[in-house]
Number of protein chains: 2
Amino acid sequence: MAFDPATLRYDARGLIPAIAQEEETGAVLMLAWMNADAVAETLATGRVTYWSRSRQSFWRKGESSGHVQRLVEMRVDCDRDCLLLIVDQTGPACHTNRHACFYTAIREGAEVEIMSPEE
Amino acid sequence: MAFDPATLRYDARGLIPAIAQEEETGAVLMLAWMNADAVAETLATGRVTYWSRSRQSFWRKGESSGHVQRLVEMRVDCDRDCLLLIVDQTGPACHTNRHACFYTAIREGAEVEIMSPEE
């Protein structure tokens with residue numbers, strides 16, 4: 001069946017969470033949000049575009065930093081209220097210059113840094 | 001520093017999204033939600049416990065199905081508003097009996113099933 005972004009389940013703000021996973025490494029890079037227009041634009045362009053909750057505008061990942069995400073495949077979950085984006089990531093995905101946003105871990109009750117910023 | 005679940009950023013409902021990734025395969029299994037008590041219980045017991053938005057109660061993953069998730073490691077993202085759970089998954093993670101919840105993909109403009117239920 002042809003895919004229609006309107007068939008996804010958005011929250012009260014009209015948003016759906018999207019997980020970006022790197023195809024090459026399997027690393028979970030980040031989670032951000034999309035509205036229906038961002039879903040459509042991402043599919044149409046192959047460039048991952050989120051919705052910025054703070055700026056209330058499209059967030060074309062990497063537009064200013066150059067750290068773009070190329071969409072390899074978009075997947076939908078059983079409840080249709082979450083997306084998994086398989087991506088090719090150029091440069092670090094995180095605004096802290098780390099490869100991924102999940103850079104601390106809880107180990108033996110303490111939070112420790114497990115990933116350093118890239119050079 | 002000792003980890004305090006209160007240092008995470010919860011949404012207006014008091015919830016934070018948690019992504020479960022399988023340690024053995026790297027597969028992204030599902031996304032569900034936790035409140036601060038679910039975060040604390042998951043860390044204390046090593047059994048992944050979400051907060052069920054529909055039932056408004058703890059959702060000890062696998063309690064009825066036996067398809068438990070053992071926590072290997074909890075990670076926190078840069079904005080402290082999303083968790084990544086590295087888990088050992090027993091049986092299928094999805095209530096549809098599939099290994100993961102992300103079982104359709106958008107390919108050439110159409111949504112297609114890419115994962116079958118387990119036997």
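From the backbone N, Cα and C atoms, a Cβ is placed for every residue, glycine too.
Fair warning: this is a prediction, and the values are worked out from it, not measured in the lab.
Annotation source TrEMBL lists domain 'Phosphoribosyl-AMP cyclohydrolase' at A:30-103.
Non-local contacts of A:D81 (Mg(2+) binding site) by the CB criterion (under 8 A, 6+ apart in sequence, same chain) comprise A:L8, A:R9, A:Y10, A:D11, A:I16, A:P17. Annotation comment: TrEMBL describes A:D77, A:D79, A:D81 as Mg(2+) binding site.
The Zn(2+) binding site annotation in TrEMBL covers A:C78, A:C94, A:C101. In three-state terms derived from DSSP, A:C94 (Zn(2+) binding site) belongs to neither a helical nor a strand segment and is classed as coil.
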Field: Nearest-integer angstrom distance between the alpha carbons (Cα) of A:D79 (Mg(2+) binding site) and A:C94 (Zn(2+) binding site)
entry: 28
- prompt: Given the binding-site residues A:C78, A:C94, A:C101, which one has the fewest other C-beta atoms within 10 angstroms of its C-beta?
  reply: A:C78
Query: Under a three-state reduction of DSSP output, how is A:D77 (Mg(2+) binding site) classified: helix, strand, or coil?
result: strand
Message: These are the binding-site residues: A:D77, A:D79. Which one scores highest on other Cβ atoms within 10 Å?
response: A:D77
- prompt: Mean pLDDT over the domain 'Phosphoribosyl-AMP cyclohydrolase' (A:30-103): what is the value?
  reply: 97
